[in-house]
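See structure below.
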Amino acid sequence: MATKVVFSLLPLLNRFDKSLLESYFQDGLRLIHYDVMDQFVHNTAFKGEYLDELKTIGFDVNVHLMVEQIIPQINFYLSQPNVKRISFHVEPFSFAKIKELIQLVKENGKEVGLAFKFTTNLQLYQPFFTTIDFITLMSVPPGKGGQAFNEAVFTNLKIANHYNLKIEIDGGIKVNNIDQIKAFVDFIVMGSGFIKLEQWQRQKLLQTI
C-alpha cells in the first residue's frame, strides 16, 4: 500500500477555513488528523467542532486522543460517522485499561491504534500488537504543532517495522525530511508543513508519495 498523507487540522484550530480544505480535497487529500488534548499534554485542541463540515467536504477523520480523561472523549468520537480511526496514548493507562479501550473501539466498528511518545519504549507494548490496527509514533513531544522533527523516533520506528502493523508518524514532517521516512510508514501526518506548500507541490506530494 502506498504511503498516504494525512492533514493535521491543528494549524486551523483558531482559523478554520472550509474553502481552504475544499481546495485540499480537490488536490487529492482525503484524510484529516484531528487532535484532542487535555491535561495529559497541558494543552487543548479540538472538542468536536467542525466534524460536520469535514463530513460535508468528504473527508475521513482520524482522531488522535492525547488525553487522560478518555471515556467521555472516546464515546463521543465513536458516535461520529466520519471518524474512521481512533488512536490513544498508552502512557496514562495501565495494561488492563489499554486492553479495555482497544476492545471498546473495535466493538464500535472503528480502526484502533495506540499512540506513543518517542521516549516511550514501544517494545513493552508488543502484547497488544495483534489486537490493534495501527500505531501512531510521535516524532515531536505531543501537545502542540509546528515543532521540529526529532530523530529519536527512529528507535521506535525500527521496532515497529518488525511487526505487521500500519504505522502512522506524526510531527515535524516537511518536504525536506519526508523522503527519509515514507518508505517505513503507511501514514504521514503533516500540518504546518503541508499548509506552507505551493499548490503544485501539494498535488505532486499527494500523487507521488
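Residue numbers in this text run from 1 along the chain shown.
Cβ atoms here come from the backbone N, Cα and C positions, even for glycine.
Since this is a predicted model, take the numbers as computed values, not measurements.
Per Swiss-Prot, the features are:
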type     : residues                              : note
ACT_SITE : D35                                   : active site, proton acceptor
ACT_SITE : D170                                  : active site, proton donor
BINDING  : S8, H64, D170, G171, G172, G191, S192 : substrate binding site
BINDING  : H33, D35, H64, D170                   : divalent metal cation binding site
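Overlay of Swiss-Prot annotations on the structure.
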residue : record                             : Cβ neighbours (10 Å)
S8      : substrate binding site             : 25
H33     : divalent metal cation binding site : 24
D35     : active site, proton acceptor       : 25
H64     : substrate binding site             : 28
D170    : active site, proton donor          : 26
G171    : substrate binding site             : 25
G172    : substrate binding site             : 22
G191    : substrate binding site             : 23
S192    : substrate binding site             : 15
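Taking the centre of the Cβ atoms of H33, D35, H64, D170 as the divalent metal cation site, the nearby residues of that chain (Cβ within 8 Å, site residues left out) are V6, S8, L10, Y34, N62, V63, M66, S87, T136, V189. Using a 10 Å Cα-Cα cut-off around D35 (active site, proton acceptor), the recorded positions S8, H64, D170, G172, G191 reduce to S8, H64.
Across the structure, G171 (substrate binding site) and H33 (divalent metal cation binding site) are spaced 11 Å apart at their Cα atoms. Cα separation, S192 (substrate binding site) to the residue listed as 'active site, proton donor', rounded: 12 Å.
Between the farthest pair of Cα atoms in the substrate binding residues (S8, H64, D170, G171, G172, G191, S192), the distance is 17 Å. Looking at S8 (substrate binding site) and H33 (divalent metal cation binding site), their Cα atoms lie 4 Å from each other. Using a 10 Å Cα-Cα cut-off around H33 (divalent metal cation binding site), the binding-site residues H64, G172, G191 reduce to H64, G191. Taking the Cα atom of each, H64 (substrate binding site) and the residue listed as 'active site, proton donor' are about 10 angstrom apart. G191 (substrate binding site) and the residue listed as 'active site, proton donor' are 9 Å apart (CA-CA, integer value).
Mapped onto three states, the DSSP output places S192 (substrate binding site) in helix.
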